[in-house]
Amino acid sequence: MLYYLFEYFDKTLDVPGTGVFQYITFRSALAFMLSLLLSTIYGKRVINFLRRQQVGETVRELGLAGQNEKAGTPTMGGLIIIFATLVPVFLFARLHNIYIVLLIVTTLWMGTIGFVDDYIKIFKKDKQGLKGIFKVIGQVGLGIIVGAVLYFNPAVTVRTDTGKTDVFKTAANTTVVLPAPVEEKSTATTIPFVKNNEFDYAEVLSFMGDGYEKWAWLVFIPVVIFIITAVSNGANLTDGIDGLAAGTSAVSVLALGIFTFVSGNIIFSNYLNIMYIPNSGEMTVFISAFVGALIGFLWYNSFPASVFMGDTGSLTIGGIIAVLAIAVRKEILIVLFCGIFLAESASVIIQVTYFKYTKKRFGEGRRIFLMSPLHHHYQKKGYHESKIVTRFWIVAVMLAILSIVTLKLR
């Protein structure tokens with residue numbers, strides 16, 4: 001909202017200095033600082049409120065060291081992250097930008113699903129929370145909305161080349177400048193480590209013959225649904241020990257922030273020879289607010305945690321990361337900058353699959369990991385959770401750097 005106020009001051013009243021709000025970098029810095037302050041200063045008040053309302057974590061007996069000490073710790077702390085993210089976004093972002101609208105919808109949508117899940121667990125004393133089928137329906141619903149908007153909305157365009165112009169002389173010694181390519185709808189995405197690193201989902205339907213491109217949504221929307229569901233569930237599984245989900249998510253989002261900034265800037269995208277996505281740079285403001293909120297939340301969530309984010313936070317985090325990756329056409333790189341989420345999810349899938357297979361084959365279930373998700377495996381091996389979290393953060397940073405390197409490494 002302040003963006004529009006200062007825009008009025010600048011363009012209508014011609015007030016000196018107010019034009020600084022036109023710069024994404026300036027607004028991103030303000031969004032980060034405000035979200036950090038909100039999550040640290042007001043976070044304590046939210047925690048005290050949750051404690052007074054007896055919104056405490058119910059700990060399942062898993063045989064893990066120190067787990068009983070966590071009983072009664074306030075949960076639903078994801079409300080802090082949501083609040084500290086949205087307030088700066090409403091103040092400093094261009095709210096008519098389609099990408100900002102999508103991210104706000106994603107935050108509120110996934111936050112609501114997570115909140116209902118936590119509410120049922122705490123106040124209805126149902127340890128299972130919201131039934132899995134309803135979570136999936138919510139995730140699929142968001143996927144359909146995001147996929148449809150990105151595919152059909154005319155404001156979402158992509159320029160798949162560098163935007164360079166060719167200047168040459170004709171035989172008549174006339175200078176000719178080729179016009180810049182037209183920005184158009186596209187379902188292209190980025191493939192890492194490949195020279196001509198773009199793949200169009202529409203190509204999957206090339207067997208349909210001429211005009212197959214108009215049916216690309218049949219592939220694109222299911223892909224969006226899968227990514228949102230997978231990443232949000234991966235974030236949910238990662239939220240098992242103090243500071244793990246918030247810290248690794250902050251690293252992932254920082255990597256996405258770099259992708260978003262360069263993809264939305266025609267100069268940087270031209271230099272790096274990457275896909276230019278008009279208007280996507282505005283997401284940098286949202287990302288800055290989101291990172292500030294996550295870091296501020298870590299102030300209280302690091303070991304020993306004073307608050308847990310609950311599904312209110314973890315599902316929201318996963319949904320936001322997924323939508324950011326899809327919007328900036330870096331969803332394939334999720335396996336790198338969200339490598340921790342992938343490892344946690346894979347450990348659960350492998351554990352359950354192997355247990356069922358061995359039970360059917362040998363009459364008794366066997367396990368590959370001492371416990372899944374993966375962080376519990378290391379807890380069972382005797383590692384202190386703070387050491388596990390620190391090492392997972394280090395791995396997350398390495399994977400994020402590797403994903404950023406793909407901008408030039410082909």
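For all residues, glycine too, the Cβ spot is worked out from N, Cα and C.
Here's what Swiss-Prot has on this protein:
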TRANSMEM  23-43  transmembrane segment
TRANSMEM  73-93  transmembrane segment
TRANSMEM  96-116  transmembrane segment
TRANSMEM  132-152  transmembrane segment
TRANSMEM  215-235  transmembrane segment
TRANSMEM  248-268  transmembrane segment
TRANSMEM  285-305  transmembrane segment
TRANSMEM  307-327  transmembrane segment
TRANSMEM  332-352  transmembrane segment
TRANSMEM  387-407  transmembrane segment
Residue list, the transmembrane segment (285-305) vs rest of chain: Cβ under 8 Å, 6 or more residues beyond ends. 24, 27-29, 31-40, 43-44, 47, 69-70, 73, 77, 80-89, 92-94, 99-100, 103, 241-243, 246-247, 249-250, 253-254, 256-257, 260, 313, 317, 320, 324, 385-386, 389
Go through 23-43, 132-152, 215-235, 307-327 and flag the stretch with the largest number of C-beta pairs under 8 Å relative to the transmembrane segment (73-93). 307-327
Would you call the transmembrane segment (215-235) and the transmembrane segment (23-43) in contact, using three or more Cβ pairs under 8 Å, pairs 6 or more apart in sequence? no
Chain residues outside the transmembrane segment (307-327) and at least six past its termini with a C-beta under 8 angstroms from it: 43, 46-47, 50, 57, 70, 73-82, 99, 102-103, 106-107, 109-111, 113-115, 117-118, 129-130, 135, 139, 142, 146, 150, 224, 227-228, 230-236, 238-239, 245-246, 249, 252-253, 256, 260, 277, 280, 283, 287, 290, 294, 297, 300-301, 333-334, 338, 341
Would you kindly list the residues that approach the transmembrane segment (332-352) from elsewhere in its chain, counting only those six or more residues past its ends and only Cβ-Cβ distances under 8 Å? 189-192, 227, 230-231, 233-235, 237-238, 240, 244, 248, 251-252, 255-256, 259, 318, 321-322, 325, 367-369, 372-375, 377, 392, 395-396, 399-400, 402-403, 406
Out of 23-43, 132-152, 248-268, 387-407, which stretch has the largest tally of CB pairs under 8 angstroms to the transmembrane segment (96-116)? 132-152
Near the transmembrane segment (23-43) in space but 6 or more residues beyond its ends, with Cβ under 8 Å, are 3, 77, 80-81, 83-85, 87-89, 91-93, 261, 264, 281-282, 284-293, 295-297, 299-300, 307
Long-range Cβ contacts under 8 Å made by the transmembrane segment (248-268), restricted to residues 6 or more beyond its ends, are 24, 163, 235, 238, 274-284, 287-288, 290-291, 294-295, 298, 317, 320-321, 324-325, 327-330, 333, 337-338, 340-341, 392-393, 396-397, 400, 403-404, 407
Sequence-distant contacts of the transmembrane segment (132-152), meaning Cβ under 8 Å and at least 6 residues beyond its ends, amount to 98, 102, 105-106, 109-110, 112-113, 117, 185, 187, 216-217, 220-229, 232-233, 315, 319, 323, 326-327
